[in-house]
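J.: Here it is, the structure in full.
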Amino acid sequence: MKCSQCKNNAIVFLPYSSKHLCEQHFIRMFDKRFRKTIRLFSMLRKGDRIAVGLSGGKDSCVLLHSLHQLQKDLPFEMIAITIDEGIKGYRAKTLDIAKKQCEILGIEHRVFTFKEVAGKTLDQIEKDDEDKLPCSFCGVIRRYMLNKGAREVGANKLAIGHNLDDVAQTVLMNIMRNEPARLARFNEPIVSDKKFIPRIKPLMLTPEKENAIYAMMKGIELERVECPYAHFAFRSHVRKMLNESEERYPGTKFKIVNSFLEIEDALRNKYGKTASELGVCPTCGEASSKGICMFCKMIS
Amino acid sequence: MVFNGTPIELLKKLKIMREEVVVKVNGKLVPETTRLKKTDKVEVIKVVFGG
């Protein structure tokens, strides 16, 4: 099979665009889309100090690699931060990959652990309260720690490796849970506060599978382990549903995300008016809209 | 196992979701529309994990 853009052999078929691409044209398309996404949403500026949320999974490693490549054309600082939840048999492997990637690229790396911030590992939290879903704990604590970690390293933005699949899943999950206000603020907080480090998602228009292909081509080590708690999550159900739809109707994920981006302003206008002013959590001093923040409630 | 068809058809037969894997034939990435030969060695690599 030949590349749709040259005479070389294709290595990939993209069903949503009906294109076959060779290695060179795939990488070119990937890098171009990465930069276009950053431009489209004005994610980066000269002189920014970016904290990259680096889990060691393929998405965050590709993000680190692509941002490092972009530094050649746009001067900004970068530091990687990893949150170690303390999940036996899972995090140690990806943490090792994260460390290696930072060493290869010469990027400063900081690791923050659940244990030092929340007093216990996710495994212990799950053991203590088996009725609660570990993913809801993990999501809240990880978000809290990434934000705090980014602030600690002096970053003015936090880059995360959310890809097109993640964004499409989140949009659908918020619709299926009837949470339009949450959907309105998912891409950008409605209420700003100096304690909240703005998040950027340069891979939000890149399909997850293409991140894996890119990682393979660039020699980035791929994790081969699944989080042992993943099957608990509602996200797993939505992921399966979306992947089935994508196979039957290629382009579904792009269409969901594009539809969201089209209505995002309308949602923000509607729900922005009812957003309350942010206060301070009386326990930890972090920004919170409802007294004690979710993080403090969860670890107490 | 001997299979006559494309990786897309093979994945369908094995009930593996195409969106979650990458296919290598004889150690190289190939488009999943490629017609397989009897002697080809196909590797299906899971690349999408929950977490």
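In case you wondered, yes, glycine gets a Cβ from its N, Cα and C as well.
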J.: Can you match one of A:Ile27, A:Ile83, A:Ile87 to the ATP site that TrEMBL gives for A:Gly53, A:Leu54, A:Ser55, A:Asp59, A:Gly161, A:Asp166?
T.: A:Ile83
J.: Please compute the mean pLDDT of the model over the domain 'tRNA(Ile)-lysidine/2-thiocytidine synthase N-terminal' (A:50-188).
T.: 90
J.: Using other CB atoms within 10 angstroms as the count, which residue among the binding-site residues A:Cys6, A:Cys22, A:Ile83, A:Cys281, A:Cys284 scores least?
T.: A:Cys6
J.: What three-state secondary structure does DSSP assign to A:Leu54 (ATP binding site)?
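T.: For A:Leu54 (ATP binding site) - judged by DSSP and reduced to three states - the answer is coil.
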J.: Under an 8 Å Cβ to Cβ limit, what residues of the same chain, 6 or more beyond the ends of the domain '2-thiouridine synthetase TtuA-like N-terminal LIM' (A:2-27), are close to it?
T.: 207, 210, 213-214, 217, 246, 250-251, 254
J.: Treating G and I as helix alongside H, and B as strand alongside E, what does DSSP give for the domain '2-thiouridine synthetase TtuA-like N-terminal LIM' (A:2-27) in helix, strand and coil?
T.: 5 helix, 8 strand, 13 coil
